[in-house]
Amino acid sequence: MASAAALPEAAAAAAVQPKKKSNFKYACTCALSASMATVVLGYDVGVMSGASLYIKEDLRLTDVQVEIMMGILSVYALLGSFAGARTSDWIGRRYTVIIAAAIFFAGSLLMGFAVNYVMFMFGRFVCGMGVGFAIMVAPVYTAEVAPASTRGLLTSFTEVFINVGILLGYVSNFAFARLPPHLNWRIMLGIGALPSALLALMVLGMPESPRWLVMKGRLADARVVLEKTSDTPEEAVERLDQIKAAAGIPHDLDGDVVAVPKRKGGNEKQVWKELIFSPTPVMRRILLAALGVHFFQQATGSDSVVLYSPRVFKSAGITGDNHLLGVTCAMGVTKTLFILLATFQIDRVGRRPLLLTSTAGMLVCLIGLGTGLTVVGQHPDEKITWAIGLCIASTLAYVSFFSMGLGPITSVYVSEVFPLRVRALGFALGVACNRVTSAAISMTFLSLSKAITIGGSFFLYAGLAALGWLFFYAFVPETRGQPLEDIGKLFGMKDAAVEDDDDTATKDKQVKAAVEMN
């Protein structure tokens, strides 16, 4: 009897509890659509590793011209990331992705039809601008759409698609390498316009970022998106309240469209001042962590391994274009598999443990690769099997460790740590640091290899990996499971509402003191 009486009570309690909705699929679809923008970067990096061999032959380029050709895209992407930051705050994250796709589409065709080095470099400039737009806006959009419980998983899709793009570039190299040298590289590069066209069509079905909508005062539109991407109606209301507080909108101010109050950091000049020219100690720590993660992602030599992999394998003693490109494809498959593995561990294990493990593994692999290449270089007339095997194993292990931590976590982490009012600019600064470092690494690799040997180059990267591990240990706190609006507290930042209350209290005291004096 007692158990029978308890049944209606249990049913009533279940009815009171909010029913959990399966909105993960919708949020995942949004993240996938936006993250496809980063395929263009991956494809360019992957395809240029093999296409550069034929471009150099067809256009009769020097090693210095090849270095500039390979690395200049990162410099152009720097410009594109700042332009993308302003555009995404102006017209929204969604339309910025479409602009990125259109720019890269034009750049791919320009490179594919280039008749000389100057025209080719102009195509690189256009592509670089598109890449800058894409790598800036995709992680920001995804982080702003995703709920806290799956934000790491969904934001890491950007790195997944970079690796998918790299793999597609490698496959394109292998597929078209047998064509005549004056034709094969043109098809390799020109076919990169196809993902851009597909991306532009997919993005049309995406909703706008709810945080951007709130920044523009469009609360009704933001509420609709949050209800579709949150697990419960209560979570959607809570997220909206947090975003309103971060944007400076009073809690009791509601409606379909509201006026966003002007507040500190609310205009472009104040954002630059708050982030760069006179940051608080907390903002300085956030900026240091973001720039540090971006810097060490590239300074540890990832672009040298990916862009110059055929040359690295050739130095290791592997000969023949088919063998070189075949081993390179195997490296691309390995990268893609491990990035997929890491994607499902970021929200379970956390950012910090994966980051430290990844960097430590990369350090060991760089030492192994440097050792193998040094031994092979000292015996150019001999085929030392163990050294060749060490080079291949170290390279595959290196890209595996990179893909399980430092690769995907960089965009995830940096898209999380900045407050809403400076997020687009903060992420753009991180991308700028990333692209400058990438350019410095990729545009000096051949010259550095000639100066200190190719093995010595990887020993240098190993030293930078050791410094990176120490930096991550000291300056990078864990952000797993935290709402975006609360992550600033990990660095010592006050809540936005508390700051506003403090400002109001200060003004009240000043007014009271003035009255008493009179």
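Any Cβ shown, glycine's included, is placed from N, Cα and C.
What TrEMBL records for 26-48 (among others) is transmembrane segment.
The domain 'Major facilitator superfamily (MFS) profile' annotation in TrEMBL covers 30-480.
Outside the transmembrane segment (68-85) by six or more residues, the chain places 41, 44, 48, 52, 55, 61, 96, 99-100, 103, 117, 120-121, 124-125, 127-137, 303, 307-308, 424-425, 427-428, 431-432, 434-436, 438-444 with a CB less than 8 A from a CB of the stretch. Annotation comment: TrEMBL describes 68-85 (among others) as transmembrane segment.
Residues annotated as transmembrane segment in TrEMBL: 97-115 (among others).
The transmembrane segment feature in TrEMBL is assigned to 121-141 (among others).
According to TrEMBL, the transmembrane segment annotation covers 153-171 (among others). Below 8 angstroms of C-beta separation, residues 27-28, 31-32, 34-50, 135, 138-139, 142-143, 145-146, 188, 192, 195, 306, 325, 328-329, 331-333, 335-336, 339-340, 342-344, 346-347, 403, 407-412, 415-416 of the same chain, each at least six residues beyond the ends of the transmembrane segment (153-171), sit close to that stretch.
Marked as transmembrane segment by TrEMBL: 183-206 (among others).
The transmembrane segment annotation in TrEMBL covers 324-342 (among others).
Distant neighbours of the transmembrane segment (354-377): 293, 296, 300-301, 312, 315-317, 342, 345-346, 384, 387-391, 393-395, 397-398, 400-402, 404-407, 409, 413, 453-459, 461-462, 465-466, 468-469, 472-473, 476; these residues of the same chain sit at least 6 beyond its ends, with a Cβ under 8 Å from one of its Cβ atoms. The annotation transmembrane segment is assigned in TrEMBL to 354-377 (among others).
Sequence-distant contacts of the transmembrane segment (384-404) (same chain, six or more residues past either end, CB-CB distance under 8 Å): 159, 163, 300, 302, 305-306, 309, 312-313, 316-318, 327, 330-331, 334-336, 338-339, 341-342, 345, 354, 357-359, 361-362, 365-366, 368-369, 371-373, 375-376. Taken from TrEMBL, the feature transmembrane segment applies to 384-404 (among others).
TrEMBL lists 458-476 (among others) with the feature transmembrane segment. The list of residues near the transmembrane segment (458-476) in space but at least 6 beyond its ends in sequence, with Cβ under 8 angstroms from a Cβ of it, reads 285, 288-289, 292-293, 296, 299-301, 304, 351-352, 355-356, 359-360, 362-363, 366-367, 369-370, 373, 406, 413, 448, 452.
Between the transmembrane segment (26-48) and the stretches 97-115, 121-141, 183-206, 324-342, Cβ pairs under 8 Å are most numerous for 183-206. Outside the transmembrane segment (183-206) by six or more residues, the chain places 30, 33-34, 36-37, 39-40, 43-44, 47, 50-51, 54-55, 58, 94, 97-98, 101-102, 104-105, 108-109, 111-114, 130, 165, 168-169, 172-173, 176-177 with a CB less than 8 A from a CB of the stretch. Using a Cβ-Cβ cut-off under 8 Å and counting only residues 6 or more beyond its ends in the same chain, the transmembrane segment (121-141) has close neighbours at 30, 34-35, 37-38, 40-41, 44, 68-69, 72-85, 87-88, 93-94, 96-97, 99-112, 114, 155, 158, 196, 209, 411-412, 414-415, 423-424, 427-428, 431, 434-435.
Sequence-distant contacts of the transmembrane segment (97-115), counting only residues of its own chain at least 6 positions beyond either end whose CB sits under 8 Å from a CB of the stretch, comprise 34, 37, 40, 80, 84, 87, 122-131, 133-134, 137-138, 141, 186-187, 189-193, 196-197, 199-200, 203-204, 206.
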